Amino acid sequence: MTFSRSIKIAPSILSADFANFGLECEAIEAQGCDWVHVDVMDGHFVPNLTFGPATCAAIRPHIKGVMDVHLMIAPVDPYIDAFAKSGADVITAHLEAGPHIHRTLQAIRGAGAKAGLALNPGTGLEDVAYLLDMVDLVCVMTVNPGFGGQKFIHSQVEKVRALRAMIGDRPIHIEIDGGVTVETAPLVAAAGADVLVAGSAVFKGGSVQNPAPYGENIRAIRAAAQAAQ
Ligand code: DX5
Ligand code: ZN
């Protein structure tokens, strides 16, 4: 993974056909996505359940590029090695998931993955200042985590702008997760984001049998974001 601030589109497979993850990953990559975003939920940190490291390992051979694993689980630390072994390139943990996020980020890098730090919409940037040397990515949640298809929370755009200023020249990605569409992508791209997660907005209208709409959706979101960057 070489660092760049160019716009990267990361479809969330939360909106994919759960019976066909491998084929869906191949389809979105063939249609031009940059990263594949994998949402892991535990029914405890967030009110929804998805899947764990075995599923990540199973889809890994179907992804040529970056596998971006977003852990919405608590605790995190007991599972880091399993997700790293599953082939995750980026492992993102939530600042709110426990009292020792510093240790968690150390453990993620120690396991050989890039370390991501996710912030819920109600979380401020104060604590992030002390973690900047530990992270390769900060994920600003623009919905409350747990479900796809929610409405973008506009108050987070200002947080992205402040985070971008805080990061300065450090090689840290700013990822946006939740409610990203052709309408909201330019707002966060202008504020400094470079990785745009999009679930419903990428998968709408398409399927494994008819993947062309995935490509149209990816190109439209990318063009809107690039024009604003
Ligand atoms: C939310 C997840 C997301 C989300 C994105 O908890 O982390 O990745 O499902 O879905 P959309 O783009 O539909 O908001
Ligand atoms: Zn996510």
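Placement of Cβ uses the backbone N, Cα and C atoms for every residue, glycine included.
In TrEMBL, annotation is done automatically, which means it is predicted and not curated.
Around Asp39 (active site, proton acceptor), the same-chain residues at least 6 positions away in sequence with a Cβ under 8 Å from its Cβ are Ser12, Ile13, Leu14, Thr50, His70, Met72, Gly199. Here TrEMBL flags Asp39 as active site, proton acceptor.
Spatially close to Asp177 (active site, proton donor) yet at least six residues away along the chain are Ser12, His37, His70, Ala118, Cys139, Val140, Met141, Thr142, Val143, Pro145, Val197, judged by Cβ distances under 8 angstroms. Residues annotated as active site, proton donor in TrEMBL: Asp177.
Residues near Gly148 (substrate binding site) in space but far in sequence (CB under 8 A, at least 6 apart, same chain), listed by position: Ser12, Leu14, Ser15, Gly199, Ser200. Per TrEMBL, the feature substrate binding site maps to Ser12, His70, Gly146, Phe147, Gly148, Gly149, Asp177, Gly178, Gly179, Gly199, Ser200.
Here TrEMBL flags His37, Asp39, His70, Asp177 as divalent metal cation binding site.
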Q: Mind telling me which of the binding-site residues Gly146, Gly179 has the densest Cβ neighbourhood, counting other Cβ atoms within 10 Å?
A: Gly179
Q: Determine the binding-site residues, out of Gly146, Gly148, Gly179, Ser200, lying near ligand 2 in the sense that the CB is under 6 Å from one of its atoms, and give them in sequence order.
A: none
Q: Quick one: give me the count of other CB atoms within 10 A of the CB of Ser12 (substrate binding site).
A: 24
Q | Other same-chain residues whose Cβ falls within 8 Å of the Cβ centroid of His37, Asp39, His70, Asp177, the recorded divalent metal cation site, in sequence order | A | Ala10, Ser12, Leu14, Val38, Asp68, Val69, Thr92, Cys139, Val197, Gly199
